[in-house]
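Asker: As annotated in Swiss-Prot:
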type: MOD_RES; residues: Ser26; note: phosphoserine
type: MOD_RES; residues: Ser39; note: phosphoserine
type: BINDING; residues: Glu43; note: Zn(2+) 2 binding site
type: BINDING; residues: His47, His49, His64, His121; note: Cu cation binding site
type: DISULFID; residues: Cys58-Cys147; note: disulfide bond
type: MOD_RES; residues: Ser99; note: phosphoserine
type: MOD_RES; residues: Ser117; note: phosphoserine
type: MOD_RES; residues: Thr132; note: phosphothreonine
type: MOD_RES; residues: Thr138; note: phosphothreonine
type: BINDING; residues: Arg144; note: substrate binding site
Amino acid sequence: MVQAVAVLKGDAGVSGVVKFEQASESEPTTVSYEIAGNSPNAERGFHIHEFGDATNGCVSAGPHFNPFKKTHGAPTDEVRHVGDMGNVKTDENGVAKGSFKDSLIKLIGPTSVVGRSVVIHAGQDDLGKGDTEESLKTGNAGPRPACGVIGLTN
């Protein structure tokens with residue numbers, strides 16, 4: 001069993017923890033999250049980005065992690081980035097909490113997400129269904145109020 005965590009921090013009052021757990025390379029990864037400081041009753045884009053770099057804030061995390069060179073999509077779409085985790089939904093207090101399993105996100109093997117960044121966005125991800133070229137790259141999810149590097153835990 002491999003476990004990893006990303007502690008999300010930023011300059012907009014958004015913070016949280018995202019945990020990852022994978023039993024073997026062929027098994028799906030369980031992702032659980034609790035993120036506070038968002039707008040209440042909203043959906044916010046939630047992605048794994050290519051770089052584990054926060055030297056210039058969350059913008060240094062680069063684009064979505066996309067080792068297979070696909071276009072952006074929903075987590076349930078066949079064509080999507082590995083880093084496309086869709087949207088998180090906040091409650092009346094601006095807290096998003098939940099978990100899901102994902103077969104493309106790996107902690108083990110050549111497409112491991114360890115050392116990359118989790119980013120929570122300021123806007124809703126259109127899941128690649130928008131009518132702009134940017135939709136197929138980013139989902140038009142907007143600015144990056146918080147991020148954190150995915151690191152192994154014991």
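Note that Cβ sites are derived from N, Cα and C of the backbone, with glycine treated the same way.
Surface or core, plus neighbours and distances: that's what I need for these features.
Answerer: DSSP assigns Ser26 (phosphoserine) to coil, not to a helix or a strand. Ser26 (phosphoserine) counts 10 other C-beta atoms within 10 Å of its own C-beta, drawing on all protein chains shown.
Annotation for Ser39 (phosphoserine): spatial neighbours Thr90, Gly94, criterion Cβ-Cβ under 8 Å with sequence separation of six or more.
The DSSP secondary structure for Glu43 (Zn(2+) 2 binding site) is strand.
Mapped onto three states, the DSSP output places His121 (Cu cation binding site) in coil. Just so you know, the Cβ of His121 (Cu cation binding site) picks up 26 other Cβ atoms within 10 Å once every protein chain is counted.
In sequence order, Gly10, Ser117, Val119, Arg144, Pro145, Ala146, Cys147 constitute the residues six or more apart from Cys58 (disulfide bond) in its chain with CB-CB distances below 8 Å. Mapped onto three states, the DSSP output places Cys58 (disulfide bond) in strand.
Non-local contacts of Ser99 (phosphoserine) by the CB criterion (under 8 A, 6+ apart in sequence, same chain) comprise Thr30, Val31, Ser32, Tyr33.
The 10 Å shell around the Cβ of Ser117 (phosphoserine) contains 26 further Cβ atoms across the protein chains shown.
Contacts of Thr132 (phosphothreonine) defined by a Cβ separation under 8 A and a same-chain sequence distance of 6+ are given as Asn140, in order along the sequence.
Around the Cβ of Thr138 (phosphothreonine), a 10 Å sphere holds 23 further Cβ atoms from the protein chains shown. DSSP gives Thr138 (phosphothreonine) a helix state.
In three-state terms derived from DSSP, Arg144 (substrate binding site) belongs to neither a helical nor a strand segment and is classed as coil.
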Asker: Sort the recorded positions Ser26, His49, His64, His121, Thr138 by C-alpha distance from Glu43 (Zn(2+) 2 binding site) and give me just the closest.
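Answerer: When the Cα distances are compared, His121 comes out closest.
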Asker: Could you measure between His49 (Cu cation binding site) and Ser26 (phosphoserine) for me? Cα positions, answer in whole angstrom.
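Answerer: Ser26 (phosphoserine) has its Cα 22 Å from the Cα of His49 (Cu cation binding site).
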Asker: Could you tell me the C-alpha distance between His64 (Cu cation binding site) and Thr138 (phosphothreonine) in angstrom, no decimals?
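Answerer: The Cα atom of His64 (Cu cation binding site) is 7 Å away from the Cα atom of Thr138 (phosphothreonine).
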Asker: Taking every protein chain in this structure into account, which of the binding-site residues His47, His64, Arg144 has the most other Cβ atoms within 10 Å of its Cβ?
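Answerer: Its Cβ has the most other Cβ atoms within 10 Å: His47.
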